[in-house]
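Sequence annotations record features per position, and here TrEMBL assigns domain 'Aspartate/ornithine carbamoyltransferase carbamoyl-P binding' to 9-151. According to TrEMBL, the feature carbamoyl phosphate binding site maps to R61, T62, R111, H139, Q142, G267, P268. Annotated L-aspartate binding site per TrEMBL: K89, R172, R226, in sequence order. What TrEMBL lists as domain 'Aspartate/ornithine carbamoyltransferase Asp/Orn-binding' is 158-305.
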Amino acid sequence: MTDAAFPHRHLLGIQGLTPPEIQHLLDLADGHVDQCRGADKASDGMAGRTVINLFFENSTRTRTSFELAAKRQGAEVINMQVSTSSVAKGETLIDTAVTLNAMHPDVLVVRHPESGAVKLLAEKVNCAVVNGGDGSHEHPTQALLDALTIRRRKGRLDGLRVAICGDVLHSRVARSNIHLLTTMGTQVRLIGPRTLVPASCAAMGVEVFTNMREGLTDCDIVMMLRLQTERMTGNFIPSVREYFRFYGLDRDKLSRARPDALIMHPGPMNRGVEIDSDVADDFERSVIREQVEMGVAVRMAVLRLLAGNLDQTRRNQPFVGAGGA
Ligand code: ASP
């Protein structure tokens, strides 16, 4: 039966979700943290359900944590790697989706290098779809796990000041976080060179800083982003050395943030590029490992919620919109 507090079939992005919907997802996820920490992690909330992880882009954390999240709740999981799939043989995204749909999965978790591809795919299947990251567009479960980490550490989201630093331009993590945090009443600052943090970002209800020391002043959270060279089509920074000097998080720059400011990074980290090992591994301040832990809890909540929301009658009807399955 559809959960009235989150009446959606898919989770394609954070944009458009309401504060109570976000709150509900975080509350559900919070309920799974102790289960994951206990000796007996198994439950049967998704017994009989099938989850397919369809990843057209590399992933370590996201794919494994979706897999664990499904298995810990008793679901069957299939992992589809692009290199071994028929996509490598020229099958289109939609053909692949329609083929998988014919196997009646309950939830498809999709990662794709093109922004908007996951939404397109969601229109062609009867099951629930979770966006596991589409291009530089959105990565909703990352923003949820970041928010859960912050909420558990600071007790709230509203009224906090969060700095998101670095390669905002190419970052789906940044975009989903901006939507989530501004929706929840958090003050968001973006910090980086103009080439990576365009002034137009201010339209998203955030403050933009090119000087990292100024931007970090009095922040409660410092969220670092990876320099996503694989998405860059030109020269965005003069050199890695120069970038680290101005925008790499080190002790000195961190000293401008609040003394109890937390350090976050979605991973994978480029040590010595956007973050110094000294601060990344500071157990007092860095919650990077905790983010990974919260990722499993968030994905457990999302998978179970969407599987529960699936309208079984509709799901079992043959899908007619995509040229047959
Ligand atoms: N893992 C995150 C993502 O998939 C961040 C990154 O790759 O830098 O977007």
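Cβ atoms here come from the backbone N, Cα and C positions, even for glycine.
Owing to the predicted nature of the structure, the values given are computational and were not obtained by experimental measurement.
This view paints the features noted in TrEMBL onto the structure.
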{"residue": "R61", "record": "carbamoyl phosphate binding site", "contacts (Cβ under 8 Å, 6+ apart)": "G267, V292, G295"}
{"residue": "T62", "record": "carbamoyl phosphate binding site", "contacts (Cβ under 8 Å, 6+ apart)": "R111, G132, G133, H139, T141, Q142, G295"}
{"residue": "R172", "record": "L-aspartate binding site", "contacts (Cβ under 8 Å, 6+ apart)": "S115, G133, D134, G135, S136, H137, E138, H139, Q142"}
{"residue": "R226", "record": "L-aspartate binding site", "contacts (Cβ under 8 Å, 6+ apart)": "G166, D167, S171, H265, P266, G267, P268, M269, N270, E274"}
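In this structure, P268 is the one among the binding-site residues G267, P268 with the smallest number of other Cβ atoms inside 10 Å of its Cβ.
As a whole number, the greatest separation of Cα atoms within the carbamoyl phosphate-binding residue list R61, T62, R111, H139, Q142, G267, P268 is 16 Å.
Cβ proximity to the carbamoyl phosphate site centre (mean Cβ of R61, T62, R111, H139, Q142, G267, P268, cutoff 8 Å) flags the following additional same-chain residues: S59, T60, G132, G133, V173, P266, G295. For the domain 'Aspartate/ornithine carbamoyltransferase Asp/Orn-binding' (158-305), the model's pLDDT averages out at 96. Within 10 Å of the C-beta of R111 (carbamoyl phosphate binding site) we count 25 further C-beta atoms, all protein chains included.
All chains included, 26 other C-beta atoms sit within 10 angstroms of the C-beta of Q142 (carbamoyl phosphate binding site). Secondary structure by DSSP for the domain 'Aspartate/ornithine carbamoyltransferase carbamoyl-P binding' (9-151): 64 helix, 27 strand, 52 coil.
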